[in-house]
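Enquirer: Structure below; questions to follow.
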Amino acid sequence: MKSVTLDKLQRPLKDLRISVTDRCNFRCRYCMPEEIFGPDYSFLSNDKILSFDEIERITRIFVSLGVRKLRITGGEPLLRRGLPQLIERLNKVDGVEDIGLTTNGSLLKKFAPDLYKAGLSRVTVSLDSLEEERFFYLNGNRSKVQRVLEGIQAAAEVGMKIKINMVVQKGKNEQDILQMAQYFKENKHILRFIEYMDVGNYNGWELKEVVSKQEIVDMIHQVMPLERIEANYAGEVATRYSYIGSDEEIGVISSVTDSFCSSCTRARISAEGKLYTCLFASKGNDLRELLRSDYTDEEITDVVRDIWNNREDRYSDERLSNSNKKAMPKIEMSHIGG
């Protein structure tokens, strides 16, 4: 019988997102703006981030508590040296049923074959525009679109399942919604639109910059009619729509206008080993200290279970009602991978 660990709102622990680095080769303005994360920014030193042994150990502990799906994140996870070896090790952990990776795609062409051989079956690529100048601006002048598209193609050629994530910001890239939808419909990859969220502390988020799920769907539906379809599984964050008369689909992740806190089953481990129970958390619990002490697996398991049992995060549900309250500092998305 599979273990089930529930929080105070009866949400099970099923998914673990593991950040393997806090570094990124992009400077996307909603995530790691150049003016904050510049040449003098102090990233974690190698001795501060979890080793592969520690990541494998913590994975086994979370699996014993009910986790079945892993997602490797960053920063940009493909900057972590030897990542295919980690994927291979995690793929052998008894109880792990699925491993995914989120990447900006700029290094994917190089690593796709080794990642697939290691057991990585699916990848999510962040891509906010197909327009060259706009994409270059949005990523902090770090990469051209073609480099990312070549990475997507390389992943497809080795057999990976691919999803594309587009963060939509009013006044920045909402004019690219239709072009993105058409392109990835033709290329048979699922495109997911993400409402611009108030993650971290430095992106200057304002509600007026959010393009809502309904606006996105209406815009596409006028040109390529859509119909809503059922979720693949309980707790899926994206609302799914298929193109009428086609097998292709899109998804919309609506953390702002139609939150899904009630079904959130995700825990997040930062690169230095802190456990966060919400994407918008203001503080985490230090598991690295336990991993590097004389704590046994059983003792760490008890600590993690207690943290999850006491979880009652529902930030997105409360966002608008708390809009006039003083904002608490939040963990940076670049630190825990979204």
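Cβ atoms are placed via backbone N, Cα and C, with glycine included.
Straight from Swiss-Prot, here's the annotation block:
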- R17, R71, T102, K163, R266, A267, R268: GTP binding site (BINDING)
- C24, C28, C31: [4Fe-4S] cluster 1 binding site (BINDING)
- Y30, G75, S126, M197: S-adenosyl-L-methionine binding site (BINDING)
- C261, C264, C278: [4Fe-4S] cluster 2 binding site (BINDING)
- 8-227: domain 'Radical SAM core' (DOMAIN)
Enquirer: Greatest CA-CA distance (Å) over the residues Y30, G75, S126, M197 that the record ties to S-adenosyl-L-methionine?
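Expert: Between the most distant Cα atoms of the S-adenosyl-L-methionine site, 17 Å.
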Enquirer: When you measure from the Cβ of R71 (GTP binding site), which residues in the chain that are at least 6 apart have a Cβ under 8 Å away?
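Expert: Result: D15, L16, R17, I18, I99, G100, L101, T102, G337.
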Enquirer: What whole-number Å value do you get for the CA-CA distance of G75 (S-adenosyl-L-methionine binding site) and C31 ([4Fe-4S] cluster 1 binding site)?
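Expert: Per the Cα atoms, G75 (S-adenosyl-L-methionine binding site) and C31 ([4Fe-4S] cluster 1 binding site) stand 10 Å apart.
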Enquirer: Which three-state DSSP class does C261 ([4Fe-4S] cluster 2 binding site) fall into?
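Expert: Assignment for C261 ([4Fe-4S] cluster 2 binding site) reads helix.
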Enquirer: Between the Cα atoms of C278 ([4Fe-4S] cluster 2 binding site) and C28 ([4Fe-4S] cluster 1 binding site), find the distance and write it as a whole number of Å.
Expert: 22
Enquirer: Which secondary structure state does DSSP assign to C31 ([4Fe-4S] cluster 1 binding site), in the simple three-class scheme?
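Expert: Once the DSSP labels are grouped into three classes, C31 ([4Fe-4S] cluster 1 binding site) ends up as coil.
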Enquirer: Over all shown protein chains, what is the count of other CB atoms within 10 A of the CB belonging to G75 (S-adenosyl-L-methionine binding site)?
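Expert: Counting Cβ neighbours of G75 (S-adenosyl-L-methionine binding site) within 10 Å gives 28.
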Enquirer: Restricting to the domain 'Radical SAM core' (8-227), report the mean pLDDT as a whole number.
Expert: 96
Enquirer: For the C-alpha pair, I'd like the distance in angstrom between C28 ([4Fe-4S] cluster 1 binding site) and S126 (S-adenosyl-L-methionine binding site), rounded off.
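Expert: For C28 ([4Fe-4S] cluster 1 binding site) versus S126 (S-adenosyl-L-methionine binding site), the Cα atoms are 10 Å apart.
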Enquirer: Using the alpha carbons only, what distance in Å do you get between K163 (GTP binding site) and C261 ([4Fe-4S] cluster 2 binding site) once rounded?
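Expert: With the alpha carbons as reference points, the distance is 22 Å.
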Enquirer: Give the distance between the Cα atoms of C24 ([4Fe-4S] cluster 1 binding site) and M197 (S-adenosyl-L-methionine binding site), rounded to the nearest whole Å.
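Expert: With distance taken Cα to Cα, M197 (S-adenosyl-L-methionine binding site) is 19 Å from C24 ([4Fe-4S] cluster 1 binding site).
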